[in-house]
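Asker: One structure is given below, represented as structure tokens, and several questions about it will come after.
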Amino acid sequence: MEKKIAVLPGDGIGKEIVQGAIEVLQTIAERFNHEFTFTYGEIGGAAYDAAGVPLPEATISLCKESDAILLGAVGGPKYDTLPVHLRPEQGLLQIRKELNLFANLRPTTYYESLADSSPLRKDIIEGVDLLMVRELTGGIYFGQPRERKVVDGKEAVVDTLYYEKAEMERVIRKAFELASARGKKVTSIDKANVLESSRVWRETAIEISKEFPEITLEHMLVDNAAMQLVRNPRQFDVVVTENMFGDILSDEASVLTGSLGMLSSASLSENGPFLYEPAHGSAPDIAGKNIANPLATMLSAAMMLRISFGLEKEAESIENAINEVLNAGYRTGDLMAEGKKSVSTTEMTAQVKSAILAGK
Ligand code: IPM
Ligand code: MN
């Protein structure tokens, strides 16, 4: 199979972790006889430095011409004083909007070998397998107006939470479709006791659920969900929620199984191309030190193989290799626990590559 992959490393640890994932994809190509070509583009602070904007036109065209997109991370303290529209995060928000990537999938899976790295007790996290589906192109992230102003002589500020019903329908439908192939349960998270948008979200979830009679729909208020995630995370299968709630809850969900450094993600549109990125940030404090955890990016690359290219056994090959390497005790700093072998980003990458080549 021949595929063209756009690579947007971005800022901070972005370059290091993306490099790890590309080497892993090249190893897969070698082992399973595929041809992946990688074309680099700029996004975030790196794009601002090179082109004066966080998302240059050239990057948008590159993405649209590619079969899939692999992204690292954006942001850094260097850009904190820039006006909002030039900040690195805008690059990420704009690419999501440009490509209409409305459904962001963030899986949390239990790794036996990482039980010691989780802040929670093993009996709580054992067997967790949940998929968070976060709405990614609407809500308070994008609503207008968003501005500071003076009202009756008082300093004030507005952000707008705006959703079209169709935007709710398509992401909720996606969650139900995903649940059909999994545990057949959808938990829809909202704040329907306070927000009108959440009341419409809840009604929409009920309507969509009628298309999927075999799937159980449950509603949960977001504050309760935050608590349930650490109290009894095994109760969840597919979770679907709006943009901001999903942002917050997915960070929380990620540490259930060790570290944010393990949380992969796929962002889907109706027709592609889809974008794959780790859910963590650019970690400027550890950038360039060769200590970042590349596994979330590699797991995102595995999602690319499975979802965009339909290469199931290749995806599993990456996942199995990562499992083996963790079982063998190799850990980057974020996952380090007593008695384990501390490795750098490049050593971790080398371990995963050789596990792929040695794999069945
Ligand atoms: C994420 C990130 C982004 C978000 C930031 C960097 C804009 O936190 O992908 O979760 O809030 O969506
Ligand atoms: Mn986030």
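Keep in mind that glycine also has a Cβ here, set from the backbone N, Cα and C atoms.
So TrEMBL has the following annotated:
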- 4-352: domain 'Isopropylmalate dehydrogenase-like' (DOMAIN)
- 76-89, 281-293: NAD(+) binding site (BINDING)
- Arg96, Arg106, Arg134, Asp223: substrate binding site (BINDING)
- Tyr141: site 'Important for catalysis' (SITE)
- Lys191: site 'Important for catalysis' (SITE)
- Asp223, Asp247, Asp251: Mg(2+) binding site (BINDING)
Asker: Could you check what DSSP calls Asp80 (NAD(+) binding site) once collapsed to helix, strand or coil?
Answerer: coil
Asker: Give the sequence-ordered list of residues that share a chain with Arg106 (substrate binding site), lie 6 or more positions from it, and have CB atoms under 8 Å from its CB.
Answerer: Leu131, Met132, Val133, Arg134, Gly246, Ser250, Ala253, Ser254, Leu263, Ser264, Ser265, Ala279
Asker: By Cβ count within 10 Å, point out the most packed of the binding-site residues listed: Val84, Ala283, Ala287, Ile291.
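Answerer: The largest 10 Å Cβ neighbour count belongs to Ala283.
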Asker: Tyr141 (site 'Important for catalysis') to Asp247 (Mg(2+) binding site): how many Å between their Cα atoms?
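Answerer: Tyr141 (site 'Important for catalysis') and Asp247 (Mg(2+) binding site) have their Cα atoms 10 Å apart.
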Asker: Do any of the binding-site residues Asp80, Pro88, Asp247, Ala283, Ala287, Ile291 touch ligand 1, in the sense that the CB is under 6 Å from one of its atoms?
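Answerer: Asp247, by Cβ distance under 6 Å.
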Asker: Helix, strand or coil by DSSP: which one applies to Arg134 (substrate binding site)?
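Answerer: DSSP call for Arg134 (substrate binding site): strand.
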Asker: The record lists Arg96, Arg106, Arg134, Asp223 as binding substrate. What's the largest Cα to Cα distance among them, in Å, rounded to a whole number?
Answerer: 27
Asker: Please give me the recorded positions out of Pro88, Lys191, Asp247 that lie within 10 Å of Asp223 (substrate binding site), comparing Cα atoms only.
Answerer: Lys191
Asker: If you take the centroid of the Cβ atoms of Asp223, Asp247, Asp251, the listed Mg(2+) site, which other residues of that chain have their Cβ within 8 Å of it?
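Answerer: My list of surrounding residues reads Val222, Ala226, Met244, Phe245, Gly246, Ile248, Leu249, Ser250, Glu252.
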Asker: Do any residues at least six apart in sequence from Arg96 (substrate binding site), in the same chain, have a Cβ closer than 8 Å to its Cβ, and if so which, in order?
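Answerer: The list for Arg96 (substrate binding site) reads Leu136, Thr137, Ser267, Leu275, given in order along the sequence.
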Asker: To see if you understand the setup: which same-chain residues, six or more apart in sequence, place their Cβ under 8 Å from that of Asp247 (Mg(2+) binding site)?
Answerer: Arg134
Asker: Using Cα coordinates, what distance in whole Å links Asp80 (NAD(+) binding site) and Lys191 (site 'Important for catalysis')?
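Answerer: About 31 Å separate the Cα atoms of these two residues.
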Asker: Can you tell me the CA-to-CA distance separating Val84 (NAD(+) binding site) and Lys191 (site 'Important for catalysis'), as a whole number of Å?
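Answerer: Rounded to the nearest whole number, the Cα-Cα distance is 28 Å.
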Asker: Using DSSP and three states only, what is Ala287 (NAD(+) binding site)?
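Answerer: In three-state terms, Ala287 (NAD(+) binding site) counts as coil.
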